[in-house]
Amino acid sequence: MVLDLDLFRVDKGGDPALIRETQEKRFKDPGLVDQLVKADSEWRRCRFRADNLNKLKNLCSKTIGEKMKKKEPVGEDESIPEDVLNFDDLTADTLAALKVSQIKKVRLLVDEAIQKCDGERVKLEAERFENLREIGNLLHPSVPISNDEDADNKVERIWGDCTVRKKYSHVDLVVMVDGFEGEKGAVVAGSRGYFLKGVLVFLEQALIQYALRTLGSRGYTPIYTPFFMRKEVMQEVAQLSQFDEELYKVIGKGSEKSDDSSYDEKYLIATSEQPIAALHRDEWLRPEDLPIKYAGFSTCFRQEVGSHGRDTRGIFRVHQFEKIEQFVYSSPHDNKSWEMFDEMITTAEEFYQSLGIPYHIVNIVSGSLNHAASKKLDLEAWFPGSGAFRELVSCSNCTDYQARRLRIRYGQTKKMMDKVEFVHMLNATMCATTRTICAILENYQTEKGIVVPEKLREFMPPGLQELIPFVKPAPIDQEPSKKQKKQHEGSKKKAKEVTLENQLQNMEVTEA
């Protein structure tokens, strides 16, 4: 995931000042741009010198061949005149005046200079890339410039009644319908581990079927992705911070051969966006085939580092969940990807409108965007039991930022194009099932149970097509109030004092 290097090169029409400004708007280090420009300038100088040295080496070989053909004496003198050691000014005429033995010596020295130059070039290329991969995509003009998403995310529109309040939160409701085992899940899988069971399994499957059917009717191809990716491929679709904060690493045998003891490093996917992004890696996509639209379906795995203490109960923020994802490869021309961006968020909105979930759409501030996103809109549903908006959907246009690293090019072949172009890539959540279940539970709760949204009823089993009944009391109703806790603790303290007094009296009687 990187920007076009030509954007940093003034002689190629680039504007480093524009990228520096983008970094500042993202509240990231603009000095990375200057470091990259310096490393790139030195790299280009080094490559130019290496090209000239290779030409000189070929000239040496050609001159030796001509002299051998003429049967000129090889000579034994390997001393090199001072002016010949200046390779930048060395010409064919200068070489022709030397003996074969001297030219061979010159070729050997040129070889050493090439190796030294190549070593320097590799070092500069690595330095340049380290800076390049930490510089974010160019921002869309409509992105709010701020580093405080809590205060400055811009609300674009609201749908439904986002003021209504209801009694229970999703944390209680998953227990009341007997669809969740949290304590046992944590014993088996660790923190945030859970078992989804009974009615909520049916509700989850109903959401998956409905989401896939909706996307299928809009020209999306359903695709079930691998759950893990090779390290070298994951590096092309994920930014560096994700490896520490989000991704799980798995290590296994590198081969199915019993005598092979090598081990392979892979990463569990955090979203189906990652493997789908790599699906057309190293390909040329024809203009007439675009847009290519995928409805990704996968289990997702996230470490949630940095979320300590947030949403620790229930199923809203968990390490493992199912998700349906919109993913699109688009033309880079005629504003096509931005038209697709609007279409994808509209598709998500219509999905949640059909489920009757109130929401608002927020334009995410520049400081909270990941490197790849040029712009991101979130759909945040209203949770009437929690009294808060919670994120269900993220929709991003990454323009050509991801495609460049994955080498997914636009057009026929390089020979038929004046300049290599890259497709634009977009992604948007359709339905993260556990979060959507939480939103349904809070919005559709009644005194007797959860009313099943009309669009999901055909996917539910008999007896659960209209109402999911409450079968357990709410945990919050089982917890004593602060006043009750205080009274209980006071009674226990008083009882202890009485017991101690009785013991002292008994001791006095015994002694008497």
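Placed from the backbone N, Cα and C atoms, the Cβ positions cover glycine too.
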Which of ASN153, ASN397, ASN427, ASN443 belongs with THR271, ARG302, GLU325 in the L-serine site listed by Swiss-Prot: ASN427
10 Å Cα neighbourhood of THR429 (site 'Important for serine binding'): matching recorded positions from SER241, GLU304, HIS319, PHE321, GLU325, LEU392: GLU325, LEU392
Least surrounded among the binding-site residues, given as GLU304, GLU325, when other CB atoms within 10 Å are counted: GLU304
For HIS319 (ATP binding site), the number of other Cβ atoms found within 10 Å of its own Cβ: 17
Local Cβ density at THR429 (site 'Important for serine binding') - other Cβ atoms counted within 10 Å: 24
Within the region 'Interaction with tRNA' (9-61), residues counted as helix, strand or coil by DSSP: 44 helix, 0 strand, 9 coil
Per-residue pLDDT averaged over the motif 'Nuclear localization signal' (482-494), given as an integer: 61
Maximal Cα-Cα distance (Å) across residues annotated as binding ATP, namely ARG302, GLN303, GLU304, VAL318, HIS319, GLN320, PHE321, GLU391, LEU392, VAL393, SER394: 19
